[in-house]
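Peer 1: Could you have a look at this structure, given as structure tokens, before my questions?
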Ligand SMILES: NC(=O)C1=CN([C@@H]2O[C@H](COP(=O)(O)OP(=O)(O)OC[C@H]3O[C@@H](n4cnc5c(N)ncnc54)[C@H](OP(=O)(O)O)[C@@H]3O)[C@@H](O)[C@H]2O)C=CC1
Ligand SMILES: O=C(CO)[C@H](O)[C@H](O)COP(=O)(O)O
């Protein structure tokens, strides 16, 4: 009998199955798509069993069964659970490793519980390569069931530079998928920040693709070390198969999305979470599809580029990345309160430290910040990040000014600056908004010198 089963053998599922086998556990694989099973069958041995029917798959697994469903999110997951239910026994464990919406996971958790099936909603990150060699895993749901599967998950997960597995129990029901959604929102934020830095480098600094590639490569060796910085260097260097140019100059500048970043924004609106960098990153993808592209391209005289542009950009990028992470953790803090979850932020930072798309040196410092104060109200309240803010905000302000002068849009760099200038500011101007609301709609206001709710008779009734 096999110790683990995987349903869905596409890009992720096949590699996750091979990863489990490579760590000494026996595994069965099944897909409704026969060619996917045939592809897995090439690796068949006593520890890896391809199966061709639902019954053959379920009956090949030792009890309690441990099944990872790694398929397209949405209706296919419900269809798969309906197929599985009559074949399973009470106590079996089903893990949904797809990018499912956390509302769906909350619902599925309850439905499966009624049938005595333990359900785990698990965010998985790392793409095709991570799935094979070590992904970051974010499991939420039944804690006892998690303990049963944790040896396998810990074996297959990526390891931090100090050897800790990038997996740890997140919390109940849909909390694991919530954390993956926030991971993807941070991913959108950092990707957009990098794209704006690239835009300033090419437009203001007039750097070539190869020069920019070297700049990102050097950044990746220091405090800015991050997977997304590393791959940006590689993307910029890549030559085109169809022309003699760099491929980057022929990739259409319209950003697509599958929706997890958008979901984060939807829930931020519900919670009132001020995730401005992530929101601007989501909207920048919409903008890239909506823009009419009929203005002349922005240009600036190379002589006007400051001598220290690259150093200033490195500092601005570092701080804006920190804001993207900080806003992700801020939304997690608000969600934990609203949904009654006890989230461990240092565990979450550790889960993201290796294997996943947002892995970076900075996550080590974030883990340390939450280890030192598990109730940190804002990442920039931690001494390390307070210092990061103080040391880099001047450069961020300069870069936003330089870009504005050159006509280069910086929605996320500007949002990061505005966030840092607002979030601790005792003198925000929203007293005017409250006055206006009370004037036109008698909506009332609070005062800053005494408790209570007040209304002013702003004008005489006619
Ligand atoms: N690709 C990536 O980098 C990452 C993906 N993920 C998530 O992992 C999951 C799998 O992703 P990926 O491997 O890229 O593949 P896809 O998201 O393209 O999903 C393909 C798999 O889903 C199966 N499927 C589709 N509809 C059904 C159905 N109704 N019943 C049963 N199976 C069905 C497919 O079978 P068939 O071929 O027959 O359609 C195939 O095995 C997704 O939720 C994705 O969001 C998470 C992290 C990274
Ligand atoms: O989950 C992922 C990485 O963490 C997936 O690659 C995700 O699909 C990327 O999001 P989008 O397609 O919306 O850019």
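Yeah, the Cβs are placed from backbone N, Cα and C, and that goes for glycine too.
As annotated by TrEMBL, substrate binding site applies to 99, 125, 126, 127, 183, 184, 188, 258, 285, 437, 443. According to TrEMBL, the domain '6-phosphogluconate dehydrogenase C-terminal' annotation covers 176-459. If you look up TrEMBL, you'll see 180 marked as active site, proton acceptor. What TrEMBL lists as active site, proton donor is 187.
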Peer 1: Of 99, 126, 188, 443, which binding-site residues come within 10 Å of the residue listed as 'active site, proton acceptor', going by C-alpha to C-alpha distance?
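Peer 2: Hits: 99.
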Peer 1: Just to verify a number: CA distance, residue 443 (substrate binding site) to the residue listed as 'active site, proton donor', in angstrom, no decimals.
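Peer 2: With the alpha carbons as reference points, the distance is 38 Å.
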Peer 1: For 180, 183, 285, 443, listed as recorded positions, tell me which one has the smallest number of other Cβ atoms within 10 Å.
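Peer 2: Fewest other Cβ atoms within 10 Å, among the recorded positions 180, 183, 285, 443, is found for 443.
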Peer 1: For residue 187 (active site, proton donor), list the number of other Cβ atoms lying within 10 Å of its Cβ atom.
Peer 2: 23
Peer 1: Those recorded positions, 99, 180, 183: which ones have a Cβ sitting under 6 Å from ligand 1?
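Peer 2: Listed by sequence, the hits are 99.
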Peer 1: What binding-site residues among 99, 126, 443 have a C-beta sitting less than 6 Å from any atom of ligand 2?
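Peer 2: 99, in sequence order.
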Peer 1: List the Cα distance (Å, whole number) between residue 126 (substrate binding site) and residue 187 (active site, proton donor).
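Peer 2: Answer for this pair: 12 Å between alpha carbons.
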Peer 1: How many Å separate the two farthest-apart Cα atoms among the substrate-binding residues 99, 125, 126, 127, 183, 184, 188, 258, 285, 437, 443?
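Peer 2: Of all Cα pairs among the recorded substrate binders, the widest measures 49 Å.
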